Amino acid sequence: MALGDKNQGSSKSQAKQKGTKGKNAQPRLKSNQLKRLKINEELKELQSRVDNFVPPSEITLFSELPMSSKTQKGLKSSHFLNPTPIQSLAIPPALQARDILGSAKTGSGKTLAFLIPLLERLYLEKWGPMDGLGAVVISPTRELAVQTFMQLRDIGKYHNFSAGLVIGGKPLKEEQERLGRMNILIATPGRLLQHLDSTVGFDSSAVKVLVLDEADRLLDLGFLPALKAIVSHFSPVQTAPGSRPSRQTLLFSATQSKDLAALAKLSLYEPLYISCNKPGEEGVMPANLEQYYAVVPLERKLDALWGFVKSHLKMKGIVFVTSGKQVRFIFETFRRLHPGLPLMHLHGKQKQPTRLDIFQRFSSSKSALLICTDVAARGLDFPAVDWVIQLDCPDDVDTYIHRVGRTARYQSAGTALTILCPSEEEGMKTRWGEKAIEVKRIKIKEGKMGNLKQSMQNFAFKEPEIKYLGQRAFISYMKSVHIQKDKSIFKIDALPAEAFAESMGLPGAPQIKLGNQKAAKVRGPSKEELARKAEKEEEEEEERAVVGSDEESEEDESEGLGSEDEEEEIDDEAEEIDDEEESGEESGSDEETEEEKDASKPKAPAVRTKYDRMFERKNQSILTPHYTALIAHDADNAAGAGEADDDDDVFTLARRDHNLSDDEEADTDAILGAEALAAELKKPLITSEDLSKRKLKAAASKKGLLKSRPGPEKVLFDEETGEAREFYKSGVDVEKEMSAADKRREYLEKEREIMKIQDKIDKEVAREKKKELKRKRKERERELRQMEMGDEPVAYLGGDDDYASADEGRSLSPSPAPSLEPERHAKKQRRGGVQESGAGDLEDEEALALRLLQGS
């Protein structure tokens, strides 16, 4: 009954619950809808926290900031717990969609100060894969863009955004296919502008966050027109009053300049100025940085650097020089000297995979030396850099600040050393004083400096490539000093050019024409200059040879316009124009008449096809026309402008007026015609001038050289005399000697004689072995017979010592091997079950044992 009542009561309660559900219950929701509602509630709560957030006086943890759980989780997994001063000041207003213009010392964490607001803004906007591009970060160099991308990937790995890297050095078509799927884009300005202008379907009107990293460097590289064009593609900043701006702009830099104000007016809307420096100390140095400078003559700078490297073999350092030509020259020469420290080099002319590989290898190395240009001076965070050596004087104090900022990052210690020429000391000290930067002077002892003069001369003498690199490095350094604006520091007349060239292993200073090339780095060559250069290349082969070979390499490597490569390419163009003008003057351009000048007026450049570019290819090694032009300059200076070159092996014959008869003249003409025809036939049908650069490279490769070289010769050495003789002989020598059948017969006879001698020796050895075995068998039989007869064994001491010593242990004991009769007899006795034993046998055995013991 109780069980029935219980069941009845439960059924009633279930019916009651069903009735209530049918009247008051809400409709059932799917899991996706619940998840969406939960996300919306979290976003509303986060937005209210951001709007109502009042930053405290000091923020010590990232968890105190109003950020999403995904960003907090990414920061914690990357071990970012405590914000730096610039981060604690810039992140709270940036989270509220304010435009920021921030300035802080190098290594203070400016990258996180704009990456965190970028992620939070897109997260609050519910940005998804179908929304397109939402944030853009513009960096001045490729390496800095790669570093920013890696940092974004670490802290944003828990978000669902797609990020991409668009820099030079990669095919444009591959990047165009991926642009439509990117939410966050990190790019260099040149390549980004190229995509904005040419990529079909690339919509950038919905960008919510624009970041300009190292903005002053972007302006120094002449990217202001490109930045104006890029900003024009994005959505406008101003919106309705009281609402959130449609686009937020964050601008960060380590130094402030006048041009930043123009850029701020262009892209920022009511910006908030944030600076972690004290008033009047913009660009102040890190507290843990020790700064020194040394005054060294120009011709001893390489000696000072070599001595420093040899005395710091366990350090991790960066050496800054002015141009990529100097980087290559120092790297190639120091590499051949084997300093005992890993050497790496980085400059703007390298291919992008090579630059990334060097960047990663140097970052992961504990001790290494990186020789580089200013391409690595901005924003790159190399861990644990101990020394920064500036072998060349920096352009200005801002460049100095960014160079030395590669060490002493955040709270780590570092040391900076600047090597100045005597003429640069006073001007640089004045500029340091204006920025309140204290740099101590040190003196390098003579014993600590190296002596590379003889080694450099040997390298230049043995390897023409090193000599060519030295000439280009010398020219690029002198031109970089010439185009500097601050003439109180850079005085080209005070530099010892001849001594500097001699220290680089050169026989003399190369000829340089320093024309009035104002603002050459900014504007590049004009259209008239390019047209004049094309006209001269078509007219004279000599002038075409003077033009440098770097033009083709620049065309291949300058796919990415937004990088440090642009500045170096413009420098090389200006250098080629100077060389061309110099060669034009040497070839007699001063003697042109008015008619020739009118005829050589620049024409409108025609369309260049791929076949035109194919015929314009030039060598890029020591066979470059520019290198031959440098050699020609030296020869002209030595022999005079009007004299012929000594290297020419062609004799010029002057015709004399002799009284010749008609027959003699006819004979002479016939002889001369035959000689000319023979000389013409001796000439090759195809010369190197008729081949393309690809064919010349293939001929210079290992495979091509092996084809042109003669085959290897096999040499045999006589076993008796040791004399070498050829394995293969010519047909005449073979005919003089005996035939092949006679040689085989002679060889077989010699081998038969040798085999007969060996057979005799083998037979004698076999005969001796048989005799010895027979003798040993007879000895054992004799011993056994004596033991059976009861006599004492006889020890034979004569004969061979080897056999006596070998049988010494067993000569006194019976061996069962020679005869099996005792064993058979014993077996028969055991088989019969009766074994005769008696006192006589036992006594005999005891006596035998006693005799054996006494005999032994």
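Just so you know, glycine gets a Cβ as well, placed from its N, Cα and C.
Swiss-Prot lists 7-17 with the feature compositional bias 'Polar residues'.
Annotated motif 'Q motif' per Swiss-Prot: 60-88, in sequence order. Helix, strand and coil content of the motif 'Q motif' (60-88), in residues and according to DSSP, is 16 helix, 0 strand, 13 coil.
Within its own chain, the motif 'DEAD box' (213-216) is flanked in space by residues 110-111, 114, 137-140, 144, 148, 251-257, 259-260, 263, 378-379, 398, which lie at least six positions past its ends and keep a Cβ under 8 Å from the stretch. Look at Swiss-Prot and you will find 213-216 tagged as motif 'DEAD box'.
Sequence annotations record features per position, and here Swiss-Prot assigns domain 'Helicase C-terminal' to 288-460 based on sequence analysis.
Residues or ranges marked as compositional bias 'Basic and acidic residues' in Swiss-Prot: 525-536.
As annotated by Swiss-Prot, compositional bias 'Acidic residues' applies to 537-597.
Taken from Swiss-Prot, the feature compositional bias 'Low complexity' covers 811-820.
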At a C-beta cut-off of under 8 Å, are there same-chain residues at least 6 beyond the motif 'Q motif' (60-88) that contact it? List them, or none.
42, 46, 49-50, 53, 95, 102, 104, 108-110, 112-113, 116, 119-120, 123, 154-159, 274, 276, 410
Work out, from DSSP, the number of helix, strand and coil residues along the motif 'DEAD box' (213-216).
2 helix, 1 strand, 1 coil
